[in-house]
Amino acid sequence: MIIFPAVDIKDGQCVRLRQGVADAVTVFSPDPEAMARHWEGLGAKWLHLIDLDGAFSGKPRNFDLIARICSGLSIPVQLGGGVRDAATAAAYLEAGVKRLIIGTLALADPDAFAAICAAHPGRVGVSLDAVDGNLKVKGWVEDSGRTVEDVLPGLSAAGAAFVVYTDISRDGMQSGVNLPALQRLLELTDLPVIAAGGVATLDDVKALYPYGKKGLEGLISGRAIYEGTLDFPAALAYIAEKAKEDA
C-alpha cells in the first residue's frame, strides 16, 4: 500500500482546504517545490499534486511550477486539477507528470476522457469526489447529479487505470475515514482505488491497511501529515512492516 503525501497548490503556495472550500485555506509553505522534496526526503514513494487554481478555473494555472516540481524529484508524481482537454493532459505528461487524475471531464465528456485514456494507456485515472455518494465536479463546487454507482462502469470501460475516491465531507477535517463508503466502492470496481479524506492518525492507516487485499492501492494524506497528527515516517514504517509480514 502506498501513502501519497499531498501537495496542493493555490496562488503559488502549498495549502490545505477544509472540505474543498476555496476560502477555508491554511498555508503550510510558500514553497511547494521545497515541500515536495521534504516528503521525498522522508521516504515518500509517490507525490500527490493538485493544482487547486486549475481545479477552480478549469485551466492549468501552475504549469511551470508543476514541471519544476517533477524535474526536481526522483519519485513519480500524480497530478489533478484543471485537466479538462487532451492538449493539457499531453502537456503535463510530457512535462514529467507520471500519471493524471481527471474528474470533471470524465463525467462531462466520457468520449473525450476515453480518448485521453487511449492516448496514454495506464497513465490516466479518474477522480470521484463525493458527498454522501453524490459526485461533485468543477473543484467540488457543482453537483453532477450522479452517484458513484452510476458512473463507475462507464469510466472503467473508457479506460481509466485507477480511481481516486475522496469523501469531501471528511477532507481536511481529520475525522476518520468513511470505511463503509470505501468498502462499497471496492465492491463496485476491479480498478485500483486510492482513498482520500479523513485520514488523521496512524490508527486510520491501520484501519485501511486490510483493504489493500480488496483493491485499495493507497491513501492520500494532507492536513494530518502537515499538522503532525499522522507521523508520516511512522506510517511508512508500519506499512513496510506489515508488507514483510504478509510476504
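Cβ atoms are placed via backbone N, Cα and C, with glycine included.
With a 10 A radius on its CB, D8 (active site, proton acceptor) counts 25 other CB atoms from all the protein chains. Per Swiss-Prot, the feature active site, proton acceptor maps to D8; the stated evidence is sequence analysis.
Annotation source Swiss-Prot lists active site, proton donor at D129, citing sequence analysis. Classification of D129 (active site, proton donor) by DSSP places it within a strand.
In three-state terms derived from DSSP, D8 (active site, proton acceptor) belongs to an extended strand segment. A straight line from the CA of D129 (active site, proton donor) to the CA of D8 (active site, proton acceptor) spans 16 Å. Cβ contacts within 10 Å of D129 (active site, proton donor), excluding its own Cβ and spanning all protein chains shown: 26.
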